[in-house]
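Database features (TrEMBL):
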REGION    491-513  region 'Disordered'
TRANSMEM  20-43  transmembrane segment
TRANSMEM  64-82  transmembrane segment
TRANSMEM  155-176  transmembrane segment
TRANSMEM  280-299  transmembrane segment
TRANSMEM  305-323  transmembrane segment
TRANSMEM  361-384  transmembrane segment
TRANSMEM  404-425  transmembrane segment
């Protein structure tokens with residue numbers, strides 16, 4: 001005991017050379033400041049290039065780092081409390097991620113009690129060496145601490161690795177997916193050049209359209225199964241073809257901005273994707289619940305992390321199939337209603353094509369898929385660097401290799417197929433996104449709406465009425481005026497080209513703002 005206390009005293013801060021303390025502090029401060037400056041200059045670069053969505057995503061990353069810092073502070077502050085919280089030794093032999101289950105099953109209850117003491121023997125001796133009186137507190141009761149200092153430290157490291165891995169995987173997915181979407185830019189350029197040609201409108205057979213031929217498989221129960229099977233297979237090759245892009249682009253423009261046939265759909269789609277990226281890069285509260293649940297289920301012999309590695313793969317396949325099936329539904333609607341059309345084939349965007357009528361559900365699923373895949377990879381590398389490849393917590397090789405292969409497949413499939421599909425297919429909902437307007441137009445609209453709402457509230461207060469029902473966004477005339485201002489600002493930023501939308505068109509578009 002005296003030796004333990006002497007060793008603890010000799011390693012305390014008051015007996016540590018000042019040059020060591022100063023050197024370590026200087027190194028930590030330099031590294032922290034360098035990381036902060038890198039993030040600062042990266043933010044300035046995004047601002048200079050007018051990449052507000054990416055700048056906001058960077059702010060989201062900073063928020064996550066602040067949250068991790070707060071978690072780190074809590075783990076440090078409550079370290080002493082965890083050391084003073086004692087539990088019976090028998091409790092420590094249940095739901096272990098790594099232990100000799102066969103030997104434990106052969107032991108009597110008395111021997112099992114001894115096994116628990118043996119399992120934690122090294123930990124108790126280390127705690128006596130490092131923790132001094134705090135570790136002796138539980139030993140006197142013949143109990144063990146709730147969480148050892150070493151386990152707390154390793155948990156600390158895992159949380160940081162998980163957050164960093166999630167950010168890296170999200171950025172990598174965004175970069176690869178954006179590169180895939182940029183390949184569609186030449187389609188947009190070809191359409192823009194062809195939009196100036198005003199030839200005669202020809203009547204064509206719907207079933208001769210390339211878009212219909214690729215997606216429409218007939219009517220009936222057999223064709224429904226065939227459509228779903230075709231949607232499942234198509235996500236692996238040519239997930240978005242030129243006819244898909246052309247038709248969905250025309251359907252969006254016809255529904256939401258009929259007055260501007262030369263609307264740059266590709267640019268809008270990229271802006272909307274960048275805006276969604278800032279939501280995906282964060283770690284929401286329900287994802288932290290997921291981490292806690294699966295750390296609870298990491299019991300020896302259950303192979304939990306092997307089975308959960310298939311969850312994001314199955315979800316990713318379901319999301320890709322659903323997005324492809326939305327395109328199929330758009331084609332099927334046109335094919336069932338028309339046998340011949342005059343001019344170009346136009347589809348009708350609607351939220352009814354998506355799960356529960358909410359396209360946003362797809363974004364939440366992609367968020368969960370990316371996080372769960374990052375969790376798998378982060379857990380693997382954390383175990384590899386902390387315990388080594390041959391550790392029992394790493395599990396057997398036949399369970400490790402499939403997890404890594406599945407993780408790589410998820411990353412590639414999500415980047416090159418699912419994310420580009422999401423970017424274009426979710427534009428086929430009933431409502432358009434605010435990214436349809438340039439940044440200065442968005443700010444002008446928000447400022448005007450806020451001023452109109454304040455004026456309406458003051459007017460209602462002056463008349464002694466309640467102002468809840470008098471918001472500008474709820475009044476049809478205010479909504480119509482909002483759309484007029486949006487179109488005027490958009491046309492002004494384009495150099496005055498294009499005609500002003502009619503009142504009827506604005507009224508049709510107003511409710512979709």
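The backbone N, Cα and C atoms fix where each Cβ goes, glycine too.
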Cβ contacts under 8 Å made by the transmembrane segment (20-43) with residues that lie 6+ beyond its boundaries: 13, 55, 58-59, 61-62
Which sequence positions outside the transmembrane segment (280-299), separated from its termini by at least 6 residues, show Cβ-Cβ distances below 8 Å to it? 57, 60-61, 63-64, 67, 95-97, 162-163, 166-167, 170-171, 174, 305, 308, 363, 366-368, 370-372, 375, 393
Given 155-176, 305-323, 404-425, the one sharing the most C-beta pairs under 8 Å with the transmembrane segment (361-384) is 155-176
